[in-house]
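Undergrad: Below are the features I grabbed from TrEMBL:
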- 1-21: signal peptide (SIGNAL)
- 34-71: domain 'Leucine-rich repeat-containing N-terminal plant-type' (DOMAIN)
- 106-291: domain 'Disease resistance R13L4/SHOC-2-like LRR' (DOMAIN)
- 301-368: domain 'Disease resistance R13L4/SHOC-2-like LRR' (DOMAIN)
- 851-873: transmembrane segment (TRANSMEM)
Amino acid sequence: MRNSRPIILFPLLCFLSSTISILCEPKSLVCNGKEKHALLRFKKALSDPGNRLSSWSVNQDCCRWEAVRCNNVTGRVVELHLSNPYDRDDYEFYRLGGAISPALLELEYLSYLNLSWNDFGGSPIPSFLGSMGSLRYLDLSFAVFGGLVPHQFGNLSTLRHLDLGGNYGLYVENLGWISHLAFLKYLGMNWVDLHREVHWLESVSMFPSLSELDLSGCELDSNMTSSLGYANFTSLTFLDLSDNNFNQEIPNWLFNLSSLVSLSLLDNQLKGQISESLGQLKYLEYLEVSLNSFHGPIPTSIGNLSSLRYLGLKENPLINGTLPMSLGQLKYLENLDVSSSSFHGPIPTSIGNLSSLRCLNVERTSLTGTISEVHFTALSKLKDLRISGTSLSFHVNSSWTPPFQLEYLDADSCKMGPNFPAWLQTQKSLSYLDFSRSGIVDTAPNCFWKFASYIPQIHLSNNQISGDLSQVVLNNTIIDLSSNCFSGRLPRLSPNVVELNIANNSFSGQISPFMCQKMNGRSKLEVLDISINALSGELSDCWMHWPSLTHVSLGSNNISGKIPNSMGSLVGLKALSLHNNSFYGDIPSSLENCKVLGLINLSDNKFSGIIPRWIFERTTLIIIHLRSNKFMGKIPPQICQLSSLIVLDLADNSLSGSIPKCLNNISAMTAGHIQDIWYDALEAVYEYKSYTESLVLDIKGREAEYEEILQYVRMIDLSSNNLSGSIPIEISSLFGLRFLNLSRNHLMGRIPEKIGVMASLESLDLSRNHLSGEIPQSMSNLTFLDDLDLSFNNFSGRIPSSTQLQSFDPLSFFGNPELCGAPLTKNCTKDEETLGPTAVEENREFPEISWFYIGMGSGFIVGFWGVCGALFFKRAWRHAYFQFLYDMRDRAYVAIAIKLKWFHQKLRRYHAG
């Protein structure tokens, strides 16, 4: 009997095994036919350019379709994972779009629906989604929906996760429906417009189960204080209220959210002091309060946030005080960012206790004092150190070995010198190094260049670092050694170099060996700036070896000869600066191949001939700077096609003819800064730091270098040529023009009457021409004008009265003999000069004043001859008239004699008495 039990159990085990195998066999799972046809109708309404739903076919079981999940037992569709899974390179091509079909309502057991990161063209969210009562997870984020969020969502009583974020066209008028979602744990409405909902806080704080709330960018206003006096967020761990418009102090209820792990109040115009109550959030790991208007110091209670890993306080310009010593208690802190705030004083030495710190950013603050070894005692994990734009001094022992291995070091404007920092060579993992403006006055050790060759970006500009680089091979991607004391021949380059800026040094020798050097591979060099050195010789025909060049600056050297034809092989060239050298000859026609040229600076050379017509037809040009050469010919009207032109300087040449009348077509000068203009010729953008073109302009009689603000300059300088004709009236339409110089030509006629509408004009020089007539009254409207020269012309009449014009030096009007009025010492005393233009116009407006004087004169004449004529022709009247006069004379004589006698008698009696 005992032996029979295994025999009985064995068949039973086999049966159970086969049954379980059948039940678990995937092939046995067949989707519901009704739901299959519903999904096919749903697919038909969608657009699917990337063919993501190609597996959705009639011949295949829908439970095997891509993005479809079925219940393992019933075969009913329970999940649709239709989020766009592709990265940014393929994202747009694989976006689903079209319409969302009501066929989804037939998926009775659907609990999970994800349509995020698709493109539904701004169409409204279908309200029928609110009837899908089994949904527990709904994600429609970043799917380009628009319109009103349907209140029917309030019917989804079992919903745990609702994400509508990233749909910039969505808005909500009332959040009352959300109170029905009693089990909600995640609510994402970032970038949904909620500004119409005044009681948003009461609405979203009703859920004790809510753990994550994202309301960033919802245009919420100052109503951040609950009318309840508190917020019922007992389970909340994640709260993001960034990018709103609260403009108030942090409400106290926030400090009662004791379960918070992550809090972001970024960019909200929040003000007031950060309360000491902040220390109550003891579980907080992430705190972001940057881009606000807090004032006062950081609360010392911040040291109580013992779990904190990230602290962001950057760009709070009103926050001040010193960094508290309590920061050193945050032993788990990995990232501390207080940049662009007003902290002052020294960095506390307790920072050296932050053993978990990976990134320290104090750049652009008012911190002062010394950084020493003690600040880095336990910072073995530090990777990112940013102390630029401060007044900190780095002072460590020359034999110091740091405990860290940095990957990013930015100490721009931080005092590191005068000696070259020896500890730097211990850092083997650097990808970015910036010691610009750090007060180093020393020779770079030879071993530094071998060490530095492995650093992709290196910036050492504006120091006094010296050394001979003739034998050095530079291998960095970005190299900026400008404004130092390096000397010798130019260094050699590896093909990896993308930007080389060694301007303003003391490099010398022939330029040709550098330009024609051989490399092991195709050069990637895009920016070459070797200006302001002592290089000499001619440019060799080797430019075809540098096919990637976009910015070339060889200015202010001693280079001579002609521009080689091979420079035309630089088809990607955007900026060419050869100024202040000794180049001569014509501009080669091969440069016409540079189709994207935006800046050409050939000033202060000996170029001659006619300026090629293609320059004035190259619509990509925004700066033409050809002054101080020997160019001849006329300025062609094609120049008016250059709608993006912001600087036109053809001064000091031998150009003739008239000024084109179509200059008003240059739209960049008819307005201010135009966003549509492509300014990439002025800048080469790279990760972390950009290369910026500079231009020395002769403005107001002084040379000034423009760099960061160059794109805002609007200038025309045609001075010192042989131009003739009149100033075109169309020039008055250049409302954005700031500097205009037409001096030292042969221009005639009058100043355009409407010149006063050029409201942006700061400098105007029309001196030494043959201009005539009165100075337009409208010039008194040029309120920004601070430099004016109208001297040595033939202007006449009174200088218009205005605070602006009378404030200029008299020399601005000197050499115009017929000109009068302040600030000249010559007064306007005769006829039109006395009256001046203004008075003449007033007389024209009141002609009755002139008739009054005419009538008075004629009346005098008539009266005079009426009396005198009668006496002349009537003898009796004449005798009677003169007899009357004689009688009056005698009476007067007798009266005076009697009075005198009486006066003498009185005087005698006075003396006798």
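Just so you know, glycine gets a Cβ as well, placed from its N, Cα and C.
These figures come from a predicted structure and were not determined experimentally.
Are these features on the surface or tucked inside, and what touches them?
TA: Here the domain 'Leucine-rich repeat-containing N-terminal plant-type' (34-71) returns a mean pLDDT of 94 for the predicted model.
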Undergrad: Residues sitting near the domain 'Leucine-rich repeat-containing N-terminal plant-type' (34-71): Cβ under 8 Å, six or more positions beyond its termini, same chain?
TA: 77-82, 86, 90, 93-101, 103-104, 106-107, 109, 112
Undergrad: DSSP helix, strand and coil counts for the domain 'Leucine-rich repeat-containing N-terminal plant-type' (34-71)?
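TA: Per-class counts: 15 helix, 5 strand, 18 coil.
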Undergrad: On the DSSP side of things, how many residues of the domain 'Disease resistance R13L4/SHOC-2-like LRR' (301-368) fall into helix, strand and coil, could you say?
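TA: For the domain 'Disease resistance R13L4/SHOC-2-like LRR' (301-368), the helix, strand and coil counts are 14 helix, 15 strand, 39 coil.
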